[in-house]
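**Student:** Sharing a structure here in structure tokens format.
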Amino acid sequence: MNAADKIGAGLDRVLTMELVRVTERAAVAAARLRGRGDEKAADQVAVDAMRTELNRLAIKGTVVIGEGERDEAPMLYIGEEVGTGKGPEVDIALDPLEGTTICAKNLPNALAVVALAEKGSLLNAPDVYMDKIAIGPGYAADVIDIDAPPAENIARLAKAKGVPVGEVTACILDRPRHARLIEAVRGTGAAIRLIGDGDVAGVIHTTDPEETGIDIYMGIGGAPEGVLAAAALRCTGGQMQGRLILDTPEKVERAARMGVSDPNKVYRADEMARGDVLFAATGVTDGNMLSGVKFGRNFITTHTIVLRSSSRTVREIKARHQDLDKF
Ligand code: VTB
């Protein structure tokens, strides 16, 4: 086995496939509650299912991006240890149901997501907002700059892609805080795909514009979702910059306790997710890259993307589950 076949202290590539089961189970559980208008219930079943599967993995894992601080999240809280305890020490970032509202409304792109990395290599982001910008692979390092005006980023991207600005599509969360950003992007002639939730998917979609129709992700979403998206980009290629929004002394202090010494730092994807990273996401609802869970008469199908930074392999796994007692 060569060095590329190992992650850190012996976390071997078998775990890539093991991780698929983790997001599959969470996705199936959440999908049973699609369109029921109950975000909390869908989230809860996804959390339970993901936790059960994670605890079967031969790892000594610590949740660093999870459901919340210990006092507010009974399961998969930040600091919770998961896995059998026998195996490599790893950091885990997870979101058993990314897009709880999307799932409750049965709209596109709800995902079950998990990332696994060498211990100490994921940014311990507090649950605050993060300003983000991301593009897919194949561009020079200076194409995007989080501090440049949005119109400039769009123009530079169009030039680098070799298309008119009118052929660029930006993905932005539909929030009042983005009114000026939306106006600036529309002012360039570029198109915007406004999404209700789900910016982990929004960022990942930039990595395959032919399939998803999205070239760039811009705007402010959750910081934990930023770290998850960065983990995916580490594996697929692509660029991301993120800055925590620490706009109160309390948030600055909370971030400092988690190891953030410079509140204004711009993090690249490889600073949010360092070292070797594995990433898996299973579609809960139908989306631009992944199909949602389908319930057949005698089987359930799932669609998962599983990524590995050391080899940059992008695998899509369509699974037909026939042992329905397991779900
Ligand atoms: C985004 C979105 C997530 O949180 O990160 C968002 O992509 C940010 O928070 O799916 P606001 O809803 O407060 O804007 C989520 O909606 C998850 O909660």
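Placement of Cβ uses the backbone N, Cα and C atoms for every residue, glycine included.
Worth saying up front: this structure is predicted, and the values here are computed from it rather than measured.
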**Student:** In TrEMBL, the residues D95, E98 are said to bind Mn(2+) 2. Which of E211, E225, E250 is said to bind at that same site?
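**Tutor:** The candidate from E211, E225, E250 that TrEMBL ties to Mn(2+) 2 along with D95, E98 is E225.
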**Student:** Just to be sure I read the record right: E98, G99, T100, Y129, R175, P176, R177, D197, G198, D199 are listed as binding substrate in TrEMBL. Which of G68, G79, G83, G222 is listed for the same site?
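**Tutor:** Record source TrEMBL; matching candidate: G222.
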**Student:** What binding-site residues in the list E98, T100, R175, R177, G198, E225 lie within 10 angstroms of D43 (Mn(2+) 1 binding site), counting C-alpha atoms?
**Tutor:** E98, T100
**Student:** Quick check on the binding-site residues R175, R177: which one has the highest count of other Cβ atoms within 10 Å of its Cβ?
**Tutor:** R175
**Student:** Given D43, E67, D95, R175, R177 as the binding-site residues, which ones have a Cβ positioned under 6 Å from some atom of ligand 1?
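**Tutor:** The ones that qualify, in sequence order, are R175.
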**Student:** Report the same-chain neighbours of E98 (Mn(2+) 2 binding site): residues 6+ apart in sequence with Cβ closer than 8 Å to its Cβ, ordered by sequence.
**Tutor:** A110, L111, A112, V113, G198, V200, A201, E225, L228, A281
**Student:** Give me the count of other Cβ atoms within 10 A of the Cβ belonging to D95 (Mn(2+) 2 binding site).
**Tutor:** 29
**Student:** Taking the binding-site residues one at a time (D43, E67, E225), which has its Cβ surrounded by the most other Cβ atoms within 10 Å?
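**Tutor:** Selected residue: E225.
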**Student:** Apart from D95, E98, E225, which residues in this chain have a Cβ no more than 8 Å from the mean position of the Cβ atoms of those residues at the Mn(2+) 2 site?
**Tutor:** G99, L111, V113, G198, D199, V200, G222, P224, L228
